[in-house]
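Here's the structure we're looking at; comments come further down.
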Amino acid sequence: MASVVQKYGGSAVTSPEQIRKIAQRIIQSYNDRNDVVVVISARAGETNRLIEMAQEISPAQTGSQYDLLISAGEQVSIGLLALSISSLGYKVKTYLGWQVPIITDSLHTRASIEYIDPTKIRADLNHGAIVLVAGFQGIDRSGTITTLGRGGGDTSAVALAHALGAEVCELYSDVDGIFTADPAICENARKIKEISYDEMLELASQGARGVQIRAIEYAKKHNVTMHIRSAFTAESGTLVVKEHMPMEGVVVTGIVADKNEAKIAVLGVPDKPGSAAKILTGLADKDISVDMIVQNVGQDGLADITFSVSKTDLDKAHQITAQIAKEVNARELLADRNISKVSIVGLGMKNHAGVAARMFTALAYNNINIQMISTSEIKVSVAIEEKYTELAVRVLHEAFKVDQCSE
């Protein structure tokens, strides 16, 4: 029998009716002669509710007791789903992370999986059971419960698929797959049938929904095929695989926009070695990630250093940068939260010259000014004024004929 790991997000287990539908889908896969292991998230909003309760009682707490509390949501989900499957006459076995066990490091709230022992799960599968596992959680080597951080359920599922040698890891949520652009923005966006790990990593890191970055990284490292699909339809979604050859002539696979961007500009910094490093180190020390960076040096020996951070980090980043700006004798400090980032991604960019020029020309033709630029081998990102986000996505989707890479 083939082994399949399925993961259902919180939106799929929000009501008894939805839980029954998921149970029937799982049973259908089982009846298709598959060994089925299912990873379940807490119901939508439940983890946030537990976090809010914890913060009301002890705002600074993020240790083992905190993890013990916020891991409880998944236990409720697997219990309800197990009852539903059992009521339909099928054998079911449930596991919390520590019971598998899923061994992690001891970094509470952000633990990483080190090892999964699949022995007990394999024994249950051999005895004809459907196995349910709580996602998002594990246990460290001292026996303490840990959680994997946001999106940890996806990582749990991919890691279990690797440990069991499953043919595929199916990730079910409220999205139908990965699209060439957000269908809510671009009406001719199309679902992508197959995409490479590298392309998926770039899209996810630039704001695309569907799967968490850590899960993609784990899948790439261990060559686990992922199938991103909707929990609410029977349609196929998007396969994420090791290698994907784009159609001939297709340069860009997808376009993604991220409005959670803000810009800080440190102007008139004396052009001396270490000034930029001092600013960026100060932010990194406070766990603030910097995305796009531009440094311009004028003839007067002064430099302007501009970078982007998430909008949620802007106030904190501005406060830190203001202090460092004084230390490096900067002339002025500016902040702007009215920007967004628009990115084009595609393996076809490797072998085509002039991709960035084509992108910039299309934006310029529509009077969209570029404020910052960052690139990789298969991605070009630009920061623009936020009010032009949707227009930029549509313009670039048309300029690169992106729908040609879809089904």
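Backbone N, Cα and C define each Cβ position, glycine as well.
Here is what TrEMBL records for this protein:
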BINDING   LYS7, TYR8, GLY9, GLY10  ATP binding site
BINDING   THR47, GLU74  substrate binding site
DOMAIN    264-338  domain 'ACT'
DOMAIN    344-407  domain 'ACT'
Reported mean pLDDT - the domain 'ACT' (344-407)
91
Report the residues of the chain - excluding LYS7, TYR8, GLY9, GLY10 - with C-beta within 8 Å of the mean position of the site's C-beta atoms, for the recorded ATP site, in sequence order.
SER11, ALA12, VAL13, VAL39, ILE40, SER41, GLY135, GLY153, LEU171, TYR172, SER173, ALA231
Expressed to the nearest Å, what is the distance separating THR47 (substrate binding site) and GLY10 (ATP binding site) at their Cα atoms?
9
Calculate the distance in Å between the alpha carbons (Cα) of TYR8 (ATP binding site) and GLU74 (substrate binding site), and round it to a whole number.
11
DSSP-derived helix, strand and coil totals, residue by residue, for the domain 'ACT' (344-407):
34 helix, 14 strand, 16 coil
Provide, as an integer number of angstrom, the distance between the C-alpha atoms of GLY9 (ATP binding site) and GLU74 (substrate binding site).
10
How many Å separate the Cα atoms of GLU74 (substrate binding site) and GLY10 (ATP binding site)?
9
